[in-house]
Each structure stands twice: as structure tokens, then as C-alpha cells.
Amino acid sequence: MNGYGALAGKYLKQQKRRTLLTVVGILLSVALISALGTMGQSMKDNMVDQTIYDYGAYHIGYGEATPELLETLRHHALIKEAGAIRKGALTELAKGYKLELAEATTAGFELAPIHLLKGRFPSAAGEAVVEEWALAQLPGAPGLGGKTELVKPDGTKQAYTIVGILNNQRLNMTYGTGAAYAWMDDAAAMADVPGTRLSAAAIFKRGVDISAHLAEFEKLSPKSFGTNTQLLALKGETADSRLNLSLIVIFSVLIGLVVLSTIAVIYNAFNIAVLERMRHFGLLRTIGATPSQLRGIVFREAGLLALYGIPAGLLVGYGGLWLVLKAMSAAGFSILTFDGFRLTLHAWIIVGSAIVGLLAVLLAAWLPARKASRVSPVDAVRGTGNIVRESYRRVRLPSVLRLLGIEGDMASKNIRRNRSKFRITAFSIVVSITLFIVFHYFAQEAFKVAVNDSRDDQVAFQMLSSFTQTANGNQAGTSPAAVDAFDAQTIADIKALPGVEHVYGRYNMPDAQIYLPSAKLNGEYLSKMGDDVFAKSTLDGKEIRIVPAYTTLYDDERMKQAEPYLIAGTADPAKLSATNGVLIVQQVKPLVIAENKKINLDLSDLKVGDALTLNFGTQEKPLMREVRVGGILSQAPFNPTVLDTQLYVIGTKATYAALLKDVPIETAPNDTALRGLDIALADGADGAPVKQALQRMADQDPSIRLVDFVEEQRQTRQFNLQMKIFIYGFLGVIGLIGSLNIVNTVQTNLMLRRREFGLLQAVGMTLSQLRRMATLEGVWFGVIGAFWGLLLGVGISFLLYRQMNNVEGIPFTFPVTGAVISCVFALGVGLLSVQGPLRKIAKASVVEELREEA
Amino acid sequence: MIHLMNVIEAAGLSKSYGKDSTLVEALKNVTFSIPQGEFVAIVGASGSGKSTLLHLLGGLDRPTGGAVRIDGEDLYALKESQRAVFRRRKIGFIFQSYNLIPVLNVEENITLPLLLDHRQPDKAYVRELIDTLGLGERRKHLPSELSGGQQQRVAIGRALAYRPAIVLADEPTGNLDSANGREVLELLKLAVRQFHQTVVIISHDMNVAAEADRVLRMQDGRLVSDSRGGVVQ
């Protein structure tokens, strides 16, 4: 031993179990802090990457640019790079498919969201890249390196070499128009080509305060100006910085709570370690240790624990994340739908977590250190007696515990006899419960925001009849008499394919307007959206508003999926058909200009049984029909794009057949005929054989197209699963920290009183009475902690909700699950944690306990 | 007898606990002085104020009135931390219940006061001390591996490690059998002779009082007699 400071290490070595417990506490906290920080930062980094992937890297763009505008952008002092894309004529392919060849400058390729699957981007005239699925539709189905003739934007034809293949785009597949790009030089972009549309995009130089200059660039072409809103928002470059601020507040609150619980865990560990050694500290005082030397010993212990706990925590935090991500990639997952999710090791997070961890440890050690330094040497050498001076106080408040006999009476006195000890114990438990509730709430809400809950993610394939192009405006009115595109036998065949779970019909319904009595409109909606959001009119002398309807026909198979979303009424197709009933979704999520965010609102106050007047004609030539509200859904089970100013009107085939009777064919060309199929696969089913079978069917009928969503669907599901893994992983660690804290606290309380327990036994308290008393204390601390933890947890959750509400308008829901789990957990842990010390007490002899140096 | 310089001077020392109805006067106006190299025993019934007096002499507690001078230094004029430093350099304590640090071995326990002063112990002296105490074989043992007598010898070693001017012992033989008790007493007497240290010892044991150069008798917080070689002064 080279100095008295080595005492610290010796104590730690002797108290192996407690040292381990404390190190684990520090480790978990630091791991959690660093993992949280890293996840937050990585998610943001990857969100930026993903946004660039989805929307392009450009900052500002002009939908219609003139050569002069492009010139201005190119030479602007603030602009790093400006690119251009020219679009125009389409190439007609077989089966009604089309291909849109656009020409892009080199910078255009960089700034637009164009993604290569294979090969490279064109860099010379006569080279092109084509979307993968569209390539197969080209004559001769050329591959990479193949040649094909395509229509240029100006309408002329040119031969191209395929130098790259692009990723498939869902929308392009549904509409049957593939994308292709060829290269043009900057001079070509400057030419004025009639019949084509030139768009320009630009990126600012590094360090430019983008938000300050947006107005200036908007002036160049106000009508076609647009920004890459998502990307700018993520970079904190929108006029409204709430997104970033909210993220910071949310993560700060979460990390703050973790730090608080770390302090509680470590404080407790130190407190007991110091209290148990008060005599030794007193003794050191008698042989001449100064108070600051004693403080030094305690702080040195804290430092030693931090020395092991913090690096281990960083290692576990990063290692854990890395392992999880590695395991996920190994299992073929793409992380959180981000292609190539990178776990970025930011130095500031490592250093920050270490500093936060160290500060928490030192802060936690502060009070015990002070206590150690203030010990009276006289008390230490007096030989007998309790060195831990407790200020006892009488409890006046009656407690329910008193109803439980002498043990309960004593337990209630014990709990409250020392104000500061009571507060510390309760504080630890409260922090643990609060932490859990808040985390659980946050995780749940984040999950809701991130994951769209609908039945769509099961749909892996679509079979579409190419005569349903009316929506795109290509083949309007040319359809023959409305006949089902698929017969019952085909549907049965598809259903029989192994792995296929559902086959849903697709129908094209005509547009309609709802003549909604003004009184049935939701007042809040109207006040937020403005009174003029819907046109006013009168019907039968009453004031009504004309609300657009989102008319949708559900077959029986789809109706079954509507069941879980039913708020009121029925989704039974037979009942709906019989009563002329429809399902409606009146919750919408419009952008409220005044608050600059999307908010969940009810558009109308319709009730089950209300009549709904629909107009399938125009205002001049109305075709009025009437239905009844048969059921109300919380959201549409399919295609849940939340509407802002429309009401879903979902009906059965029978209902719509009645509605569309006598509606002219120009308005409802498809009538209620089946126009396509959505094919949903069972979980884990192999899509490949199903695809082959469907492809064979499609090949037999020139009007049928097959759209493949398997990959997309797989990624969505993985995303949901990964979110769950992360959230429950975090919650697990939080739970562990919380329990560690409660166990530590309750045990501290008991172990410090072993002498007293010895006394109680000496005067005739039986072991079972003792057990009952201690158990009641543990449980009662759980009750008190649960009460305050619940209050605080819900309060902080609400605070977080307000922050998240800035990002995404959602209603506040009471965190029931988190509250129940944490409270039950706290009581359970309180109950279980007294058992260890009790066993120890039962084993020890009374005499030994009496002699025990307190 | 050669008149030596007084190493301990207590003047009008008093100590009381509590107040009003609960006021307990543990020590009432005690005055005496002890010259260097004397072996003094303080005797008295339990509750007579012996331990309080010893604690005050060692600077562990604060007197309600009066002053203590050790080696000419007014103990209670010093600040708390200064007093702690003074204590580890000038005063060695020995207690009835040994009060060793359980995580340190024999050698470490003995050298602890030096380490607290950030000083490296004089190895030869420590070795000599440990050998003198008969603990040569037990140098690396923990207190829990020693007998009571051995533990008390370690405590004596710790008290002597810094070669303090005075050694204060509170019932050092109280927990020991008579053979071990005698041995401890011999060691303390040796300290007086060999290192010319001053030893103040509290004891119930009349054998201890008989071995002392001087006996101070306490009763109800007052010094009631002071005898040298059996002669009441």
C-alpha cells in the first residue's frame, strides 16, 4: 500500500457483491445513455440519408424552369451545384405500359432521387438507365448492356445502350409508366425545346444560412418554386425549427431521467457502503485523518467504480447496439428500412456519455462523502452504541398499515421515522417508476408515429386489369360494358395457392359528394380549417356543406379486415347490404395552417343510423342517392392515407350496385365490376412460387398486369419488428436499472438495521413477525413509490407528448400499460427484495446481530 | 526526580451534554499536567468521566470549557483539520475494541497514520516495531486472522508508528485475558522507556494502576486524587 487512498480499492475488493452491483448500475446507465444518444444521432443521420434517397439531395427546385433561370442558378454565389431534368413524350409499350425517358444533366442525376440497382448512370449521349420492371416490357427485354430504341422528350426516337438498371418504384408500377433517364450536357439543358418541360434543382454551398435566403430564390419563379421540405427540416433549415428542438427536448428528458436513476442507484450503493463503515471512518479520524481525506477516500471509491463502469458501459452500449444490428443484418434485415443503416460512432456521444456518467457518479457520492467526513471520532471509539445517528420522529399521521396488527404498526413507524431516509428510498422508487412509464409511453408513441398500422403490409401482389386506366386519364370511356376482370374460378385458384392468405377485390368507384347538413360538421374541425373549407349549399331548405367522398367498395374479404377498426355500428356485409348501410371514417388529419402542423380531427359528428346524401352527378345535374351510416371506423383498413377534407364511404357490392343504378356509364364506367386483385401472403410464406403462378395467369391474358410488392412488404414488416426489438430492448434495460435501484434501496434499509432486528428478536419478536414487518415495509415503499411515480410519470409523459405534438399531431393517451407494468413491477420487486436480507437475518444468531457493528 | 517539561496540560476542563433538564456534566473543571515520559493511569467507576477526559486530551471531542495543551500547542485553538493532522503526528490512540481497519493487513494498519500524512514509512523502524510487538510472522495477516491480544498489539503498533509524543489508551487490556493484558502493559511500559513517550491509560484493572508511575482517580466528573508511587499528592 503506497498511500491511504488505496483504502478505497481495498474496501471495494472486500465488498465484492456491492461493488459489482454498483458497477453494473453505472454500466447499464452509461450503456443506455450512449445507446440512446447513438440511436438518436444515427437515426437522424440515417433519416437525412433516407430523405435524400426518397426525395433527392437538392435543397430547392423549380418544377418549370427556363434556360435563363437555370443560368442564374448555375452562376449564383450561394449555389454549389444546379442540375436540370427534361421530360416530355412517352414511349408506348405492350399491354398499355409506358416508359417516360427523361434527360438529366450530370448534376441532375446527383440531386434527383434516382437509384441504381445495377450498372452506372449515363455519362454520354446514347446511354440510358431504365427501371427494372419496365426493362422487361421493352421489346426483346434487353438487359444491362443491351440496346433499345426509346422516344426522347422531344418526341424523336433514338437508340440507347442500357448502362444501368433503376430500382422499382411502387407508384410507377401501379400506373404502368416506367422511368428511364438519359444524359444531356449542360448546353442541351439550356436549349429551348418545345413540347418538353425542364425542371431545375439546386443545392446550396456548405455554411449558407439556407432559411435566410429561401425568399430570394422563390422570387425567381414563385409559381414553380419548391423546397425539399423534409431534408431542410431535418437540417434545421426551415423557418420553423420545431422539429429539431422537439427532438432535442425529447432526448434530453429521456437521458435526464436515466441520469437521475443512475444517481439514485449509485447514491444508494454509496450510502449503505458509507453507513456500514461509519466506525471505520471515525477510527480513521482518531488516528488523524482529516475530513477532506475521508471525503477523498469516498470520492476515490466513486472514481474507481466509474473507471470500471463507464468504459464497460460504453463498450456494452455500443457492443450491444452493434451486435443487435449485426444480428439483424445477418438475418437478412435491412435496418429500420434504411438501406445500409450506419451506426455512426460520434466522438461527442462517447465523450458526452462518459462525462455525464462520471458527473452522475460524483454527484451521487457527494452526500455519502460528506456524511463520512462528518463522522464524530468520539462516537466511533465509544465502543458500543449505534454510530449512525438517526433523528427519529414520531409519526402522527395514521396509516392503513396500522390495520395490519403490530407488525404493520411498526412497519409504518419504521418507514417514516427518518425523514431523509424515507425521502431517499421513495425517491429511488419514484424515479424508477417514472422512468419506466415515460419510456414506455415514448416508445409506444414513437412506434405509432413510425409504423403505419394497416392491412396493406400483407399485400404482396396486385393483379390489375389495364382497362382501369381512367384514373390516369389515358383511356377514359373506352371500356366495354363493365365485366369482372377475374372470374370466380380464377380467384379460387389464386386463393388455393400455398402461402396465399387473402385475395381482396379492387373496384373503381366514381367520385361523389356528400351533402352534409352543416350541423353534422365537427365544430372544432371547422374552426381550425376555416369556415370556407367546404362549399355551402341548401338541400330541402336546410343549409348543407358539400364534402367530397372517398367512395370505396369492399368485398366480404375486405369487410372482415375492417372489423378491428370498428368504433361503432357493424361491419357485417350482410347487415350493411340489407340496411343500405356504409362504413365511414370521419377522423382526418389535415394540415392546420394556423398551427403549421397536421392534427387528428373528426371531420363530422355523424352517428350510426344517420342518413347520408350522396351526389354522383354534378351540382348542375345532380344524381342524388341516399345511404345510412352503418358503422364508423377509426381508420381505413387499407390504403390508410389519412384524408384531410374527405370522408371515406365504404360500401358492399350490393349497396353500391343500388347506388350506381341509373348512373350514366360516363360517370361510372366500371360500375361495380371487379377491376383488380390484391393478394396477401401469410406470414413467412415464400413469395416466389406464388409469383410464378400469378405470372402464368397474367401471361395468358394480355390485359392483366402483375405488380410485385413482396420486397417492399418484407421491408415494412421488418421495420415493425425491428422497432419492437429496439423498444423492448431499451425497456428491458430500463426495467433492469429500475429494479436494481429498488432492490438496492430496500435492502439498504434492512441491512442497516440488523442490530435493531437482533434487539427485536431478543425481546421476543418471532422471525415470522419480523418477516411480516419487513415485507410490509418493502411493499409499502412500493405503494408510495408507485403513487408518486405514476403522477410524475404521467406528467412527464404529457410533457413529452407536447413536444412530439410539435412534430406530429396526435392525441394524448394515458399511458395505462406502462403505468400498470411499472407499478406491479415495483410492488413485486419491493416484495422480493426484502427476502434476501431476511434470509440472512434468519440464518444469523441474535447475539451476533446485537454485536454487529452498525 | 528530574523535573521534566509538561507534555500534557489540562486547565479547567469541563464537558457537558444536553441542556436544561437533560443536562449531564461529564467533566467538571479538571486541571492537571503530565510531564514527558510518564506512565499515567486514570481510574474511576464507570460514568466517572475517564473516557470523556481521554477523548478531550486526544482532541477527539470538544470541551465545553477549559483548554488542553499538548506539547505547548493549544489543541482547541486549532481548526478541525489542523487538529486531525496534529493528532496523527503527536497522539497515538489505543482502544479496548482494537478498532483496526478490517481490510488492511498488520503492516498496513500500523503504517496507516504515516500514509495519511503522505509519508513513506521508515521500513527498518516498522520492521523493528513489528518484531518488538511479536508480530513478525503475522505481518501480512488481516485483523480477522489474529487473536485479541495480537490485534491489540497491532493497535499499539499503530499508535507508536509515528513516534507520537503521547499515547492515549482506553481500557487497552479490557478485552484480553490476564497473560495478554500483561504483555500489552509491558509493551506500553517499553514504549515509555525506549522511546521516551508519555502514556495515559484508562483502566478498571488495579494491576494496571499498580504498574503506573502515577494514578489519577476520577469520580463524578472530578479529579479526586492524584498519586505517585502510591503517594497521594
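Going from the start of the chain as shown, residues are counted 1 onward.
Using N, Cα and C of the backbone, Cβ positions are placed for all residues, glycine too.
Feature annotation from TrEMBL assigns domain 'MacB-like periplasmic core' to A:19-217.
Annotated transmembrane segment per TrEMBL: A:20-40 (among others), in sequence order.
For A:245-270 (among others), the entry in TrEMBL reads transmembrane segment. For the transmembrane segment (A:245-270), same-chain residues at least 6 beyond its ends with a Cβ under 8 Å from one of its own Cβ atoms are 18, 21-22, 25-26, 29-30, 32-33, 36-37, 40, 44, 298, 301-302, 305, 356-357, 360-361, 363-365, 367-369, 424, 427-428, 431-432, 434-435, 438-439, 442, 734, 737-738, 740-741, 744-745, 748, 796, 799-800, 803-804, 806-807.
The domain 'ABC3 transporter permease C-terminal' annotation in TrEMBL covers A:253-377 (among others).
Long-range contacts of the transmembrane segment (A:302-325) within the same chain: residues 8-9, 12, 19, 22-35, 38-39, 266, 270, 335, 341, 343, 345, 350, 353-354, 357-358, 361-362, 364-365, 369, 725-726, 729, each at least 6 residues beyond the stretch ends and with a Cβ under 8 Å from a Cβ of the stretch. Taken from TrEMBL, the feature transmembrane segment covers A:302-325 (among others).
The transmembrane segment annotation in TrEMBL covers A:345-367 (among others).
Same-chain neighbours of the transmembrane segment (A:422-443): 250, 253-254, 257-258, 260-261, 264-265, 267-268, 271, 415-416, 727, 730-731, 734-735, 737-739, 741-742, 744-746, 748-749, 781-782, 784-786, 788-790, 792-794, 796-797, 800-801, 804, 815, 817-819, 821-823, 825-826, 830, counting only residues six or more beyond its ends whose CB sits under 8 Å from a CB of the stretch. If you look up TrEMBL, you'll see A:422-443 (among others) marked as transmembrane segment.
The transmembrane segment annotation in TrEMBL covers A:725-746 (among others). Residues 21, 24-25, 28-29, 31-32, 35-36, 39, 258, 261-262, 264-265, 268-269, 272, 320, 324, 328, 424-425, 428-429, 431-433, 435-436, 439-440, 443-444, 446-447, 777-778, 781-782, 785, 822, 825-826, 829-830, 832-834 of the same chain, all 6+ positions outside the transmembrane segment (A:725-746), place their C-beta atoms under 8 angstroms from a C-beta of that stretch.
As annotated by TrEMBL, domain 'ABC3 transporter permease C-terminal' applies to A:730-845 (among others). For the domain 'ABC3 transporter permease C-terminal' (A:730-845), the model's average pLDDT works out to 78.
As annotated by TrEMBL, transmembrane segment applies to A:779-800 (among others). Counting residues 6+ beyond its ends, the transmembrane segment (A:779-800) has Cβ neighbours under 8 Å at 250, 253, 257, 401, 411-412, 415, 425-426, 428-438, 441-442, 445, 742, 745-746, 812, 814-815, 818-819, 822-823, 826-831 in the same chain.
The feature transmembrane segment is assigned by TrEMBL to A:812-834 (among others). Note on the transmembrane segment (A:812-834): residues 429, 432-433, 436-441, 444, 735, 738-739, 742-743, 746-747, 750, 774-775, 777-779, 781-783, 785-786, 789-790, 793-794, 797-798, 801 of its chain, located 6 or more positions outside it, place their CB under 8 angstroms from a CB of the stretch.
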